[in-house]
Amino acid sequence: MIAGMKMRKENWDRFIPNRSAMDLEFAQHAIIDALRGDSGGKEEEAAVLLSASKDAYRRGLAEALNLSHRTRILAFRNKPPKKTHHYSPPPPPLQRRHIPLSSWKTLEAPGMVDDFCLNLLDWGSHNVLAIALGYTLYLWDASTNSVSKLVTIEEAKGPITSVSWSPDASLLALGLNFSQVQLWDSSSNRKIKSLKSHSGVGVGSLAWNNNNNILTSGGMDGKIVNTDVRSSHVVSTYRGHTGEVCGLKWSASGNHLASGGTDNLVHVWDASRSSTTQWLHRLEEHTGAVKALAWCPFQSSLLATAGGGVDGTIKFWNTHTGACLNSVNTGSQVCALFWSKRDRELLCSHGNQLALLKYPSLLKIAHLTGHTSPVLYMAQSPDGCTVASASAAGDKSLRFWDVFAMPKKPDHKAPHEPFSHQVIYLQELLL
């Protein structure tokens, strides 16, 4: 290269057609037709010689390929069709559920026994809440807001240590401090029978199997007894706890029973197993008495448990494998756990408060306060919307919370009235 010689730069601009926009078959057809037209008479003579079938085939092919109205051989892409704008209204905004942070009703309940290991509340499928106050059992009908007294137990047999409705709410089981379980018909206020499944010890927990007429009772001696209430026959007895059994819960299928005790243990029992001493799983990670047990409604193998005392943790278990899936520390004892029947939420009591958690993130959604002493007993309404909580020491009150209620449509016609909180004594409602 000669020094100082300038290089000539040439900018070439070469057009490259888009072959995908070309119809090559039509181009060839159009060129051939043009050549045939230029040849004059020779082509006309050749056209006469074409058979009728070939001519018909060519016309059919041209029509099938939409060639009759095409005049351009090379073409760019056609412009896209104009968009037609159809108005569609925006989707309605998601209606977020309002969670009241205070109870809507309070019943003063003096005489409730202050014992973490007992179970003195249960809400039946007929919307009637059973409340044990010392030796007396009261029934609060949520539909009519009326209270009735079912029975007062003799001092030699009482006080009442546990209550549990049958699945159809036809029978109410009462566990007593002196080893007895009584079955009552609430409609007639009549005692049906007494079961003596435990000897010389109180019955602090009860649970009905949803599939049949089996009533399970847990005693202060650590035994778990399954009794057929029709014949009063003891079907089986589970032995695994060394302390008082303070929590019992059957799974929705009726195939598995979870039990918790003051020995800090949780057992999962398989109803189909003939052995009464061989549990399915023995869960040993709690450091306090376990009373709170809750089977998950949307995942049958998920069990939530919580410890009292210094434990204060909620643990989630896979009952197929016995593995602990997650754990959260609430900072104080937990007496009860309830799953939402509609959402993936879990309500727990810890200390004198209630907390609503999102599952599986375990983030706190709501914090409910009102009690001034530790919450010991809880029950959930049959529709799953309302939860009742009771404290025995201090305020001795029973509070009702619409924590799982569905969002209500706003009523623009009805005027807004200020909320008035009710505080009523149970004995006053009897008058």
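Backbone N, Cα and C define each Cβ position, glycine as well.
Over in TrEMBL, the protein carries these features:
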- 107-401: domain 'CDC20/Fizzy WD40' (DOMAIN)
- 153-194: repeat 'WD' (REPEAT)
- 238-279: repeat 'WD' (REPEAT)
- 283-327: repeat 'WD' (REPEAT)
- 368-403: repeat 'WD' (REPEAT)
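Shown for the repeat 'WD' (153-194): DSSP residue counts in helix, strand and coil, namely 0 helix, 21 strand, 21 coil.
Long-range contacts of the repeat 'WD' (368-403) within its own chain (CB-CB distance under 8 A, at least 6 residues past either end) are made by residues 99-116, 118-127, 129, 131, 142, 332-333, 335-336, 338, 340-342, 347, 349, 351-356, 423, 426. Long-range contacts of the repeat 'WD' (238-279) within its own chain (CB-CB distance under 8 A, at least 6 residues past either end) are made by residues 116-119, 204-212, 216-226, 286-295, 297, 300, 303, 305, 307, 311, 317, 319, 322. Residues in the repeat 'WD' (368-403) partition by DSSP class (helix H, G, I; strand E, B; coil) as 0 helix, 15 strand, 21 coil. Mean model confidence of the repeat 'WD' (238-279) amounts to 93 (pLDDT, 0 to 100 scale).
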